[in-house]
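Record features, source TrEMBL:
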ACT_SITE  399  active site, proton donor
BINDING   282, 324, 325, 326, 327, 429  pyridoxal 5'-phosphate binding site
BINDING   327, 368, 372, 400, 429  substrate binding site
DOMAIN    69-210  domain 'Orn/DAP/Arg decarboxylase 2 N-terminal'
DOMAIN    219-330  domain 'Orn/DAP/Arg decarboxylase 2 N-terminal'
MOD_RES   82  N6-(pyridoxal phosphate)lysine
Ligand code: LLP
């Protein structure tokens, strides 16, 4: 029996650490039964295990702080708010010693509302608006991560208009390609993020990138030089994010090497040795029974070792490191609680039967299966059953056949209307990518800790929807 099986009594499934099946067969989260949660908050609902979130946040901070202290430098851990940001969640992150990475004016506003000091916030985005940049400058954010040459001038002009110096990191693409799905891999060339460390191979591309005649500098180097030259900008360092749901540490190490070489080259050319290197997020987690997540202690040691080795080889002092985990902190802390509405067996061509189990949510509360073919697990949580398991597909209530919550899962053959069903590991990119498709109202985010539940974000109502529609 693994530790997680022992902890949950639910075989091999990555539930949050506070999940147990009680003797009466009802699953409880941090001491609150899902029956009580459903009665009090309704379904569907996102349920967050606060202690689990805090433990994972602490786990990442401690693992990286320890590993990098051993090689002689410090680490800042930024919680990537895009995974899930509410005022309470931002507070938990801060209380556990994390900073907050935001990717829009909205995320910035929530972090500030939570009382996160501007200096502990980073602002990302490949197309930030002037209003977002100004909001960041006014809040005194610790770093604006610039993503294009055009944006460097824009940030410099806006900083000048406010009479401040903007602290800037340059986001580079290292060519290291990692992560689950093409849409969530962000450091290869053919996508919108960052500035490439490779010089453009063709004259046409150099022209399109507006490269000065004769230059062989990469867009990344040109961006760094441009920031160094502008008095209204302070170059803090270099940022790289290689993708998401990465399970192989090699990608982080390879990207770190590329970034550290670029840092050394910049120092050689300008005398400016930047202090900070941000290696982004992307730490992979287990979604399905039997999957093995990245272990923060191990990845931290590997990356620290790689960073120390390259700096040793280059003869440059170690930079301060930052990382930006989102999914790995909040993903496993969350589950979605649904109520089963209809059950429909369908005959397959190969003679098998697939049982379609429709729940009261769907692609509006979890777009990941439709968008990335993401796989999830599901379980009946309101009772135990000794009925023979059947091949089931959990689907939502939207007018779309791709509205699938769980492609394939074994559920008890007596699954029926009114059953409570939970999908684990929906804490990251569930609520944050939710929509109102078919004008469904978005579910609440409910936190559970120490035997009590509280609503962090209330359920939307039809009145909320109507209030936006000016007729
Ligand atoms: N830092 C930057 C600059 C990022 O772009 C991202 C994710 C993160 C940190 C956090 O990555 P994480 O540790 O959560 O993997 N919506 C997708 C993933 C796209 C994430 C984009 N950026 C999903 O549902 O899987």
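Every residue gets a Cβ built from N, Cα and C, even glycine.
Locations of recorded TrEMBL features on the structure.
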residue : record                              : Cβ contacts under 8 Å, 6 or more apart
82      : N6-(pyridoxal phosphate)lysine      : 101, 103, 107, 326, 429, 432
325     : pyridoxal 5'-phosphate binding site : 60, 77, 79, 80, 281, 282, 283
327     : pyridoxal 5'-phosphate binding site : 80, 83, 244, 245, 281, 282, 283, 284, 285, 428, 429
368     : substrate binding site              : 374, 376, 429, 430, 433
399     : active site, proton donor           : 438
400     : substrate binding site              : 363, 437
Which of the recorded positions 325, 326, 399, 400 have a Cβ less than 6 Å from any atom of ligand 1?
325, 326
Beyond the site residues 282, 324, 325, 326, 327, 429: chain residues whose C-beta lies within 8 Å of the centroid, for pyridoxal 5'-phosphate
80, 82, 83, 244, 281, 283, 328, 329, 331, 428
Residue pair residue 372 (substrate binding site), residue 324 (pyridoxal 5'-phosphate binding site) - Cα distance, angstrom, rounded:
21
CB within-chain contacts under 8 A for residue 324 (pyridoxal 5'-phosphate binding site), separation at least 6
77, 78, 79, 80, 101, 122, 241, 278, 280, 281
Local backbone state of residue 400 (substrate binding site), from DSSP in three classes
coil
So of 372, 429, which of the binding-site residues has the fewest other Cβ atoms within 10 Å around its own Cβ?
372
If you count Cβ atoms within 10 Å of each one, which of the binding-site residues 282, 326 comes out on top?
282
Would you give the longest CA-CA distance, in whole angstrom, between residues of 327, 368, 372, 400, 429, the set recorded as binding substrate?
27
